[in-house]
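Student: The following feature annotations were taken from TrEMBL:
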| type | residues | note |
| --- | --- | --- |
| BINDING | 17-24, 64-68, 125-128 | GTP binding site |
| DOMAIN | 9-175 | domain 'Era-type G' |
| DOMAIN | 202-282 | domain 'KH type-2' |
| REGION | 17-24 | region 'G1' |
| REGION | 43-47 | region 'G2' |
| REGION | 64-67 | region 'G3' |
| REGION | 125-128 | region 'G4' |
């Protein structure tokens, strides 16, 4: 990598918080690209995903993380470790909450945030769902919990006050050469975004436990001049879940495939030939070898 001339600034801006507070919506706005999937379901984000913003003078590496939760199985433990790792390498930490959740939720994680030496920006999201009096009371509660944090009320869904947050983040980026090539948009390969787009459709179209028991694996990814050929697997834990994913006469999985193909063609700018199969791997969320194969265990 060629080191930029003096005056260049680079930094890691890590976004953390509880599930379903709008972290992925916020990072997509800050990056200007759709790098994280968004649904109304909690625990949509499973991996730590980096989105990179480049200007001639600056490189900001935004990091979206899974929501902080108390793990019930090994997959959730690995997801929590992704979130906790974001506390260790941040130049700027953005802690996202919203106007609905209680301010003292996950007190142990907040205690670690309060001891951080880097700048901490506390984002209170979804202010469009509150009134001024309630918001002012919530701000005071957070000032008592994280007294060193700067508080930024905003609405990511309405893109309100996000620009002010972005300018503040830019002002806090330290002097440094770039960490990634200046044309890089993310640290993830193309196959990762295939799995995320398919998984997003599973989250949207299936209910209850099904989306959380499903994982997506890309077995083949062949890019040609005008078309990309993809073979993927949806992994579930039980035969009954496999039947639900496929649906009567294959109708459910056809819908997932059709909607995923449309978004993949938009994402890659090419025609997509997509095959989706379903496979049962019993209790995969608690199996170390499979979690490692799916990219969940930290090195």
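Glycine residues also receive a Cβ, built from the backbone N, Cα and C atoms like all the rest.
Just so it is clear, the model here is predicted, and its values are computed rather than measured.
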Student: Which three-state DSSP class does residue 20 (GTP binding site) fall into?
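Tutor: Residue 20 (GTP binding site) sits in coil per DSSP, no helix or strand.
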Student: With every protein chain in view, what's the tally of Cβ atoms within 10 Å of the Cβ of residue 17 (GTP binding site), excluding that atom itself?
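Tutor: If we count other Cβ atoms within 10 Å of residue 17 (GTP binding site), we arrive at 26.
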Student: Below 8 angstroms Cβ to Cβ, which residues of this chain, lying six or more residues outside the region 'G4' (125-128), approach it?
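Tutor: Hits for the region 'G4' (125-128): 21-22, 26, 96-100, 135, 153-158, 160-161.
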Student: Should residue 127 (GTP binding site) be counted as helix, strand, or coil on the basis of DSSP?
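Tutor: The residue in question, residue 127 (GTP binding site), is helix (DSSP, three-state).
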Student: What counts of helix, strand and coil residues does DSSP assign across the domain 'KH type-2' (202-282)?
Tutor: 37 helix, 29 strand, 15 coil
Student: Three-state secondary structure of residue 65 (GTP binding site) from DSSP?
Tutor: coil
Student: Enter the number of other CB atoms within 10 angstroms of the CB of residue 23 (GTP binding site).
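Tutor: Within a 10 Å radius of the Cβ of residue 23 (GTP binding site) lie 27 other Cβ atoms.
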Student: Average pLDDT across the domain 'KH type-2' (202-282)?
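Tutor: Across the domain 'KH type-2' (202-282), the average pLDDT comes out at 94.
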Student: By a simple count, how many Cβ atoms lie within 10 Å of the Cβ of residue 65 (GTP binding site), its own Cβ left out?
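Tutor: Total other Cβ atoms inside 10 Å, all chains included: 27.
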Student: Which of 20, 127 has the fewest nearby Cβ atoms, counting only those within 10 Å, among these binding-site residues?
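Tutor: Lowest Cβ count within 10 Å among the binding-site residues (20, 127) is 20.
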